[in-house]
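Beneath this line is the structure, given in structure tokens, with notes to follow.
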Amino acid sequence: MVSRVLALISVAMLVGARPYVQNVGDVDLNDVDATVGTGVVDTGMSGDLLAGLLANGLLADLLSEDADGHIPEVTGSSTEEATSSSTWSGASSKPTDSAPTQCNSGTLQCCESTTEAKDIDRVLLSTLLGVDVGSITGLIGKNCSPVSVVGVGAGSTCSTQTVCCDGDSFDGLINLGCKSGNVAV
């Protein structure tokens, strides 16, 4: 459970999401020894994967300072060095005037931002999600929620990025297989 949650958090950070996480299962990310000024978070990930995430800055947002300015140490299940030098280069997409209002396929989603699938480290994303992402094309949405086009009120409008997603969804944190132009006419 903890590994799955940390993997989802890491993937969210891979696409630029900033999830607020205080406690993941039995791992309190803010558990800091006040006398020594250090804490240890054992993710249970392999050293290679963990080092790769750290080298790419993908866990930086999880390691926030406590009131005394201390940052917990993060450890994996080994101390191997990462050999991957890939970085995340996707930028947030800006809303457009041609946002879809209905989808030919998939579901209409309101996403905080999107990134081109071709711009991500597929090996890392596949490892973190536990699915084959080799054939994913189009956009990857982050922090998405369904949009209802019928009626008014909450959920009927989107002030950020509206897309149609027909791929896997990981609790709305990450949506695969999204398109911005998949509109029914």
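Every residue, even glycine, has its Cβ placed from backbone N, Cα and C.
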CYS103, CYS110 - which one Swiss-Prot pairs with CYS158 by disulfide: CYS110
CYS110, CYS111 as disulfide-bonded residues, winner by CB count within 10 A: CYS111
DSSP three-state assignment (helix, strand or coil) for CYS158 (disulfide bond): coil
Sparsest-packed among the disulfide-bonded residues, when each Cβ's other Cβ atoms within 10 Å are tallied, from CYS165, CYS178: CYS165
